[in-house]
């Protein structure tokens, strides 16, 4: 597969995207089969509703990541990411603006993460409490999902700056690893009997991989 993609002239950045999508599709198909086998009809309803409610994070994010990528890319016209030093080098004026953008992005996403915990979490809790007669233990899974989703979206601030800094290949590679880890985690949780906790697989894997990425590439910034 890798050889075929190289023969087609696809660069590394796109290659990682393709592999990531293939992993997502394959694990998605496997999860559909496992969900129908390991979860009751009522639990399946919770599973898919959990994912729908958490999708509300898009409302809070409002395309902020795209704006950050554009501004970071603009400042990088006079800057360069030094892989050996793991730092940004270049014109001091541009670097100061770049660092200000980085700090602003972190602050904004910290607020978004807090809003997810304070608004989406309680709204979901109230909504699912009305369904408690179904006898599905959902509270722990919902609490975990809310918390790791908040952490995950907070780290999007670093990824957005990284993309704007030209680290496209590195970001895509990291996302490929996240897809792989998320699939392994979700399958393991479903098979082990922790059905609803599998909804947190993407957010947990994102938090782990994004944290490693942030430390590796931006610990000096």
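The backbone N, Cα and C atoms fix where each Cβ goes, and this holds for glycine too.
Please treat TrEMBL annotations as automatic predictions, because they have not gone through curation.
Since this is a predicted model, take the numbers as computed values, not measurements.
Looking at 84-101, 174-191, the range annotated in TrEMBL as transmembrane segment turns out to be 174-191. In TrEMBL, the feature transmembrane segment is placed on 16-35, out of the ranges 16-35, 196-215. Remote same-chain partners of the transmembrane segment (47-72), defined as residues 6 or more beyond its termini with a Cβ less than 8 Å from a stretch Cβ, comprise 35, 39, 98, 101-102, 105, 108-109, 112, 115-116, 120, 123-124, 127-128, 138, 141-142, 145-146, 149, 153, 156-157, 159-161, 163-165, 195-196, 198-199, 203. As a quick check, the transmembrane segment (174-191) and the transmembrane segment (106-128) miss the bar of 3 or more Cβ pairs under 8 A, pairs 6 or more apart, so the two do not touch.
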